[in-house]
Amino acid sequence: MRIKTAIGQDSHGFEYADGDKPLVLGGVIFERERGLEGNSDADVMLHALTNAISGITGVNILGKISDDLCQQGMTDSRVYLAEALKYLNGWQICHASFSIECAQPKISPKIPELKASLSQLLQLTVDDIGITATSGEDLTAFGRGEGIQVFCIVTAVFPMQN
């Protein structure tokens, strides 16, 4: 069996105006929270995950491919994730771990819902998804409440045939 591990990162600032764009993390809508800036839904969890998968496959989705999809009206980050998954070519994701830094919203109460969403998107059990969060304690822009930063590590296996 071959094993690969890759890291992905993404960050977005909160919208300045009180717009009607929802905050979406891990495919989950956070009600009554300010949305993130971006030409897509700005789901930083799915963007970090997509970047990590790109580290496994060597095919960068965020950038040209996602921009082209955005111009076609596809702004749901689940579309970008699905595009990244197409390039696995026999590699099977077996674990994903997320580290989130933000002063707001509080992530802990939503962890079960986030894990359920991500496990469905990746076809993993919730036990194969790890999520931790920190407030950043005012030390970074994310800790000061200016946006959200996410790191994601993905492990994938390639079963060897005898």
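Quick reminder: no glycine exception, Cβ is built from N, Cα and C everywhere.
Record features, source TrEMBL:
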BINDING   Asp10, Ser11, His12, Thr134, Ser135, Gly136, Glu137, Arg144  4-CDP-2-C-methyl-D-erythritol 2-phosphate binding site
BINDING   Asp10, His12, His47  divalent metal cation binding site
DOMAIN    4-155  domain '2-C-methyl-D-erythritol 2,4-cyclodiphosphate synthase'
SITE      Asn39  site 'Transition state stabilizer'
SITE      Ser135  site 'Transition state stabilizer'
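Here the features listed in TrEMBL are painted onto the structure.
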residue : record                                                 : DSSP (3 states)
Asp10   : 4-CDP-2-C-methyl-D-erythritol 2-phosphate binding site : strand
Asn39   : site 'Transition state stabilizer'                     : coil
His47   : divalent metal cation binding site                     : helix
Thr134  : 4-CDP-2-C-methyl-D-erythritol 2-phosphate binding site : strand
Arg144  : 4-CDP-2-C-methyl-D-erythritol 2-phosphate binding site : coil
Hey, which of the recorded positions Ser11, Asn39, Thr134, Ser135 is the loneliest by Cβ count within 10 Å? Asn39
Residue pair Asp10 (4-CDP-2-C-methyl-D-erythritol 2-phosphate binding site), His47 (divalent metal cation binding site) - Cα distance, angstrom, rounded: 6
For His47 (divalent metal cation binding site) and Gly136 (4-CDP-2-C-methyl-D-erythritol 2-phosphate binding site), what Cα-Cα distance in Å is obtained after rounding to a whole number? 20
Can you tell me how far the Cα of Arg144 (4-CDP-2-C-methyl-D-erythritol 2-phosphate binding site) sits from the Cα of Asn39 (site 'Transition state stabilizer'), in Å? 23
Around His12 (4-CDP-2-C-methyl-D-erythritol 2-phosphate binding site), which residues of its chain at least 6 apart sit with Cβ under 8 Å of its Cβ? Leu36, Glu37, Gly38, Ala42, Val44, Gly147, Ile148
In this predicted model, the domain '2-C-methyl-D-erythritol 2,4-cyclodiphosphate synthase' (4-155) has a mean pLDDT of 95
